[in-house]
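Each remark here refers to the structure printed beneath this line.
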Amino acid sequence: MIPDVNRIASASAKYPKPSPDFRPAYGTAGFRCNASLLGSTMFRCGLLTAVRAAVLGRHCGLMITASHNPEADNGVKIVEPSGEMLPQAWEPLATELAGCSSDDEVARLIISLLQSESNLASPANPARDTALGSLAVLVGCDTRPSSPVLTQAACEGIQAMGVRAVQLGQVTTPQLHFQVAALNAGHLSLPPEQQLQAAGQGASRSAISLDLYFGTLLPAFEELCQGPKGAPSTQAPPSPTFPLYVDCANGVGAQHLACVAATLASATTGLHLHLLNRGGTPQEGGGQLNHLCGADFVQKECKAPSGFSSLPVSARCCSIDGDADRLVYFVVQQQSEQQSASSNPVTTPPSHVSLLDGDRIAALFASFVSDLLKGLPQPLAQTIKVGVVQTAYANGASTRYITQTLGLQVVCAKTGVKHLHPEAHAFDIGVYFEANGHGTALFSPSLIQQLEQIQHSCVAARQLLLLSRVINQTVGDAFSGILAVEAILRLKGWGISDWQAMYRDLPSKQTKVSVKDRTVIKTADAERVAVSPPQLQPAIDKLVAEAGDQARAFVRPSGTEDIVRVYAEVQTAEAAEALAAAVAQATCSLAA
């Protein structure tokens, strides 16, 4: 099981660090920076992912993407056999490996890691009798120009460990997560070595078909949209009355949505996707990845993405990000005279939008689940534990709607999906979303088994099962999110205005401040309370009390920038601005 140290060092020599002091850190987003700096990091992540596969005796994944970052950036995320993210305990190992100063140090660290984890190779662990050559790492990438070269570096790192590198080509991040989980569950098979070599010749070609991915989501969506079998026509869900305009962020999601658009527009489902910001070469009129478009831009700026200014007012729209793991919905508001007079929709100043963010999607999911629970046999329904996981950034109005109107439990976790996902596992049905649109819903295996036993006699059980298949449970997935949202709206007989009417967001303000040392600020209670410096939280509490009913505020040191982030929420926009400014001033004064 232990590979040759000289082979690793020799392969590593091809990918030197860009500078001796280059030491990237692995976090929720994996590694992410300017693509020109990432050759050594990508090779070493290939090594580490292969080590993870060897230790577990199962296949792993590696996704090359920088998500919503500018096109010049790139990054990498390591995927577990379950399709979930790399455990937090391994993040410092990834950081240490990326920072190694020499090729010999890289090789020694890899061998040391394998030896230290040898206790995992117990009789009960698959790694005990698994040959490295039978293991694989699935490698996917987005459409960034730097992705092919970085893919090659990652694959050479994997192969230096004696593990097979299987290139999926250009896929979304959620598709890679799904494929890794399906492969380990026995639902997919590795292709012959000859096919792997052929697939590796082109970055856009895949060695493993995505048929299972789409074959899981689309039929479940189609059946769910049809409503209960045998229902009279007056009870059948109405056909969509509006097309859905999708901002594809000029990213990898466009090509995959285009492949299924015709299927979704069929008479059965009637979901008509109009794909905008599809990318492509400048000669083809393609825009730049994530530039003035994408879920991150729409959610943070509350503005319509490039190319949306000419749409009809109140058009139903959604936006995904560069690797299609985030989703937000929005409605374009009334355009100004300047916008209406412009003949160029690409250069027209962006319209403001009415945003339906991750909080809204979580509330919609939770509402639908709550509806279906009422249709289950009461002995079963009473045992099902349903919860919604949010962060401190979730709007307080959404939290009150879920707890007071729906009567469901809400748990607050630290910022970052790596913190939310484990919390969701504590429920039979756990819904989690960040406001940025990254999230999903998890269904426990025991609940799935119980629902399967009664699905033919209970409509609600069947619909919950279908929902669990429409949703990609391995990670946040914009595609499955669109399908779930559209199915739920149809079954509820709702339009966007009905969705918006669930609750009214409280005005909020986010800002950031610089202090001498942001690490002096320590937080607790899922980052909602500052415990250091000791005078800071009392000062925030006083300002919040003075701001009035339903006011709240918190500060937290950024995990990615040398700043402190400030959030304030209260009943009016002016009061939110004032509260944020006052909390920022107190932070600067007390954390100096």
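Using N, Cα and C of the backbone, Cβ positions are placed for all residues, glycine too.
Packing around Ser67 (active site, phosphoserine intermediate) is summarised by its Cβ count: 27 other Cβ atoms lie within 10 angstroms of its Cβ, all protein chains included. Annotation source TrEMBL lists active site, phosphoserine intermediate at Ser67.
The Mg(2+) binding site annotation in TrEMBL covers Ser67, Asp321, Asp323, Asp325.
The Cβ neighbour count for Pro557 (substrate binding site), using a 10 Å radius and every protein chain shown, is 20. Summarising the annotation, TrEMBL assigns substrate binding site to Glu434, Ala435, Asn436, Arg556, Pro557, Ser558, Gly559, Thr560, Arg565.
Residues or ranges marked as domain 'Alpha-D-phosphohexomutase alpha/beta/alpha' in TrEMBL: 56-89 (among others). In the predicted model, the domain 'Alpha-D-phosphohexomutase alpha/beta/alpha' (56-89) shows an average pLDDT of 96.
Per TrEMBL, domain 'Alpha-D-phosphohexomutase alpha/beta/alpha' is recorded for 135-185 (among others).
According to TrEMBL, the domain 'Phosphoacetylglucosamine mutase AMG1' annotation covers 244-328 (among others).
The annotation domain 'Phosphoacetylglucosamine mutase AMG1' is assigned in TrEMBL to 357-494 (among others).
Look at TrEMBL and you will find 529-585 tagged as domain 'Alpha-D-phosphohexomutase C-terminal'.
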Of Ser67, Asp321, Asp323, Asp325, which is closest to Glu434 (substrate binding site) if I measure between C-alpha atoms? They're all recorded positions.
Asp325
Go through the recorded positions Ser67, Asn436, Pro557, Gly559, Arg565 and tell me which ones have a CA within 10 A of the CA of Asp323 (Mg(2+) binding site).
Ser67
Considering the domain 'Phosphoacetylglucosamine mutase AMG1' (244-328), which listed stretch of 56-89, 135-185, 357-494, 529-585 counts the most C-beta pairs under 8 Å:
357-494
Give me the Cα-Cα distance between Asp325 (Mg(2+) binding site) and Ser67 (active site, phosphoserine intermediate), rounded to a whole Å.
8
Stretch contact, the domain 'Alpha-D-phosphohexomutase alpha/beta/alpha' (56-89) with the domain 'Alpha-D-phosphohexomutase C-terminal' (529-585), Cβ-Cβ under 8 Å, 3+ pairs:
no
Same-chain residues six or more away whose CB lies under 8 A from the CB of Asp321 (Mg(2+) binding site)?
Ser67, His68, Ala249, Gly251, Asn290, Gly294, Ala295, Asp296, Gly437, Ala478
So how many other Cβ atoms are close to Gly559 (substrate binding site), meaning within 10 Å of its Cβ?
14
